[in-house]
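*Asks:* One structure, as structure tokens, below. Some questions next.
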Amino acid sequence: MELGLGEPTALSHCLRPRWQPALWPTLAALALLSSVTEASLDPMSRSPASRDVPSPVLAPPTDYLPGGHTAHLCSERALRPPPQSPQPAPPPPGPALQSPPAALRGARAARAGTRSSRARATDARGCRLRSQLVPVSALGLGHSSDELIRFRFCSGSCRRARSPHDLSLASLLDAGALRSPPGSRPISQPCCRPTRYEAVSFMDVNSTWRTVDHLSATACGCLG
């Protein structure tokens with residue numbers, strides 16, 4: 001490919017030695033000086049035919065470019081580093097194995113949860129305070145009212161609160177060693193009863209406020 005004055009080429013981007021731009025003007029000056037010296041020494045020795053022949057002009061180097069630039073055959077591909085292949089992504093970490101202490105802690109937590117649920121079930125069956133909405137007319141106190149009140153009461157088992165007397169009484173009754181009085185049977189365990197009460201107020205059908213003391217329970221306990 002011929003190199004022109006206005007054509008940008010990839011060769012201009014290569015590195016060039018510093019001595020080649022100054023070499024060509026020096027050679028041209030030496031050739032001109034040689035021709036002047038030869039003409040001054042023997043002006044008549046040259047024929048008219050030889051005068052018309054121009055002096056030989058040294059051809060510039062093959063890698064010389066106009067404007068004092070020197071071109072070197074090089075490849076941009078050699079200057080560029082080769083493309084690197086993308087690195088494969090590391091595999092995701094697998095699930096960590098559960099250590100024996102963690103497994104033991106999990107088993108203990110499960111047993112503790114079972115015990116706590118069992119204790120909650122026992123507490124639900126035990127003596128405790130409960131509440132329910134009931135009509136005033138169903139209280140049996142002779143009041144006529146269309147209102148509903150929250151009636152709190154005690155219920156549940158007191159087997160865990162039995163004393164040695166209660167345990168012995170139950171054993172004697174079961175074995176038939178103790179004759180119970182006719183028409184009644186001794187109670188071999190305490191009873192779940194209110195230990196505190198509160199007053200309840202409501203309005204009757206005549207728009208009159210009524211208050212009943214010690215009507216609703218506020219605390220429960222095993223008595224007897």
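From the backbone N, Cα and C atoms, a Cβ is placed for every residue, glycine too.
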*Asks:* In Swiss-Prot's disulfide listing, C222 is paired with one of C154, C158, C191. Which one?
*Replies:* C158
*Asks:* Look at the disulfide annotations in Swiss-Prot and name the partner of C127 from this list: C191, C192.
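*Replies:* Recorded disulfide partner of C127 in Swiss-Prot: C192.
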*Asks:* The disulfide recorded in Swiss-Prot for C220 goes to which of C74, C154?
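*Replies:* Here Swiss-Prot pairs C220 in a disulfide with C154.
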*Asks:* In angstrom units, rounded to an integer, how far apart are the Cα atoms of N206 (N-linked glycosylation site) and C192 (disulfide bond)?
*Replies:* 37
*Asks:* Tell me, by DSSP, whether C220 (disulfide bond) is helix, strand or coil?
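*Replies:* Once the DSSP labels are grouped into three classes, C220 (disulfide bond) ends up as strand.
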*Asks:* If you measure C-alpha to C-alpha, which of C127, C192, C220 (disulfide-bonded residues) come within 10 angstroms of C158 (disulfide bond)?
*Replies:* C127, C192
